[in-house]
Amino acid sequence: MYFPIVALIGRYQDTGLDAPLTALAQMLTQAGRRVLVEAETARNAGVSGYPVADWDEIGRTATLAVVMGGDGTVLGAARHLAPYGVPLIGINHGRLGFITDIPLQDAHDALGRVLEGNYQAEDRMLLQGGVWRGEQQMYSASAVNDVVLNRAGRGGMIEVRVELDGAFMYTQRADGLIIATPTGSTAYSLSANGPILHPGMNAMVLVPVAPQTLSNRPIVIPDSGVLNMTLTAMGRVEIGASVHFDMQTWSDLQPGDRITVQRAPHTIRFVHPEGYSFFSTLRRKLHWNLMPQATDNLE
């Protein structure tokens with residue numbers, strides 16, 4: 001039997017998930033699977049009648065996690081479950097949905113095919129980041145999409161000295177600096193004019209946000225390297241800066257703080273129905289197939 005124990009995870013603040021999650025749980029039970037419901041999902045979405053489990057129990061027990069929500073919901077679940085090796089499948093109940101690639105209306109059919117063994121699996125890298133103040137590590141977190149250094153809301157540009165494996169790259173003055181995985185290359189990085197990286201690539205991309213010097217362009221680096229970024233005390237950095245991990249966890253920064261980013265030791269496995277294509281997702285989400293049309297009311 002494929003995936004005998006399935007965990008259900010939903011977007012916490014979405015009160016409209018009760019019916020679709022309950023229907024999904026019933027479908028899984030009828031298919032002979034044991035269903036677990038993540039604790040916060042059960043509490044906030046109102047799903048009842050099934051065993052409730054915390055993240056640790058899901059990680060130790062589940063053979064598949066079904067995540068219903070937007071990409072942000074999947075990112076949070078992935079960070080929790082990656083160390084356990086539990087594969088994820090995403091059902092889109094959000095907006096764009098690059099990694100929640102199954103539309104809600106197709107969820108039962110798609111999941112049924114997956115349970116029959118008709119699926120594709122892919123492993124994607126994560127980033128591991130740390131904040132150092134002198135020799136003391138102040139903060140550590142992982143990220144599926146990106147690690148982002150940002151100026152404070154009313155502050156000036158930040159200045160960051162960037163090194164890769166001890167070799168000096170540049171000193172960057174900008175509103176921010178994005179370090180993205182291939183998965184994250186279609187998120188914040190893309191909106192800052194970063195390149196799209198195929199998820200099978202072993203790489204990271206550095207993308208400046210509104211750099212002072214226009215010649216400071218995105219650069220792709222191997223994922224085997226260790227990035228060291230030091231926030232300098234020049235300019236108006238003292239007003240405030242922070243580092244964000246998938247825009248869900250963060251740490252405030254001070255001048256002189258050092259941020260390290262490298263590939264995490266574990267990966268996250270995504271499960272897709274048979275026939276999934278990364279390029280098909282790009283065509284749908286980015287409307288690559290839409291051609292400009294002539295109109296009669298051109299201005």
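Heads up, the Cβ atoms here are built off N, Cα and C, so glycines get one too.
Feature annotation from Swiss-Prot assigns active site, proton acceptor to D71; the stated evidence is sequence analysis. Around D71 (active site, proton acceptor), the same-chain residues six or more apart in sequence whose CB sits under 8 Å from its CB are G90, G94, L96, G97, F98, I99, T100, A187, listed in sequence order. Secondary structure at D71 (active site, proton acceptor), as computed by DSSP, is helix.
The NAD(+) binding site annotation in Swiss-Prot covers D71, G72, N145, D146, R173, D175, T186, A187, Y188, S189, L190, S191, A210, Q248. Cβ contacts within 10 Å of A210 (NAD(+) binding site), excluding its own Cβ and spanning all protein chains shown: 11. Under the three-state DSSP scheme, A210 (NAD(+) binding site) falls in the strand class.
Cβ neighbours of L190 (NAD(+) binding site) (same chain, under 8 Å, six or more residues apart in sequence): I196. Residues D71, G72, N145, D146, R173, D175, T186, A187, Y188, S189, L190, S191, A210, Q248 are recorded as binding NAD(+); their most distant pair of Cα atoms lies 30 Å apart.
Between the binding-site residues N145, T186, the minimum number of other C-beta atoms within 10 Å of a residue's C-beta occurs at T186.
Around Y188 (NAD(+) binding site), the same-chain residues at least 6 positions away in sequence with a Cβ under 8 Å from its Cβ are N145, D146, V148, I178, A180, M247. The Cβ neighbour count for R173 (NAD(+) binding site), using a 10 Å radius and every protein chain shown, is 20.
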